[in-house]
């Protein structure tokens, strides 16, 4: 329940809310106002060790619970999440800043991830082949790993944790969760509802904190696997450190997603699609459109329409329905984004819409409005770097081939989109673009939870993505049995 009092956030270990054993805390502001809404502990290594011990003890019994029984408990959790959708959305808007509409969409995507986890009995089924040789049968069996952990970012405080712990727990593992210290309140509510669903103590443990918690998770010998979503430098660090300590790691990293706009596109729908992808959730998502490669033939018409519609977008508190662009997560990130806008201007890009100039009264909040650059090239930092904000770069290209070449020059390869009415163009794009997730006239090509989610190149470190069959394979180990009976 949302209140006006400043909350002191706790850890949840072995089925109980407990104070951190450390003394260091960090203030959690509402990004729309700058006012403090909570204090979160920066937990020390000892808290992680307690959580891991609780998870290890719980694993001894939880791993023996029949798979259908685990699934039934997740159905109860799913029901509770659905019953509390409005409250969960409001918590997200309060501590993350995204609009209620965007928050509600995130809640729904999180619920869909739990729906996937409830199907664990089907997803965990192995394989068998009788009589592979004279009187010999072969089969593959899947078993849980043990204690696993998840490290999640601020930008999707509900959806991304729900990619991780429900599926891991459905597979028979126990879990240690470290969510972003910037959005601790939603994590608390997810854990409360989890135990309200009747799960045994210690199956899910929550440790709040920063880098010390991350390092403690990566170095703890009892943790068998780590799931991570965050920025590229940290993802690389998590992958390299976790694997050094013998862990299975999936680390989803940064992005610089491109959209190619063809002359045969539906112009009106393309403009609205690019706006939604680039400026929704204030651009703070790894699937946001950051660059549009528009063909010369339609460039002026597309850009005129895009700029006209973008200037209509209102900036402000996400609780107010009329606002489209909410705040960025922190003042420091706002200053970083303004630095990128200044860089684009200095490098010679044409600033068509300036998000530094906000006409609405947003005093106290961390706001940058929708921003559009034209005349961008590959030598500019605004093309090269992940800005993680409502900043869109436009590059004019001669044809589809040049658009694909431009996109593939990025070190990132998370998502890519083409807007076209040509099946041939779509097939060429699909076959030659280097991206893990591809959209054809789909604004944000993030797949549903029953498909795997992962990028390529510097957007992903690991072998198995989150969700779908990849997720089940990540959270289980297989045993291949060859047997003969006399």
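In case you wondered, yes, glycine gets a Cβ from its N, Cα and C as well.
According to its DSSP assignment, residue 154 (NAD(+) binding site) is coil. For residue 154 (NAD(+) binding site), other Cβ atoms within 10 Å of its Cβ number 22. Here Swiss-Prot flags 154, 178, 181, 182, 231, 386 as NAD(+) binding site.
The feature active site, nucleophile is assigned by Swiss-Prot to 286, with sequence analysis given as support. Spatially close to residue 286 (active site, nucleophile) yet at least six residues away along the chain are 155, 229, 252, 253, 254, 255, 414, 455, 459, judged by Cβ distances under 8 angstroms.
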Most crowded position, judged by CB atoms within 10 A, among 178, 182 as binding-site residues: 178
DSSP three-state assignment for residue 178 (NAD(+) binding site): strand
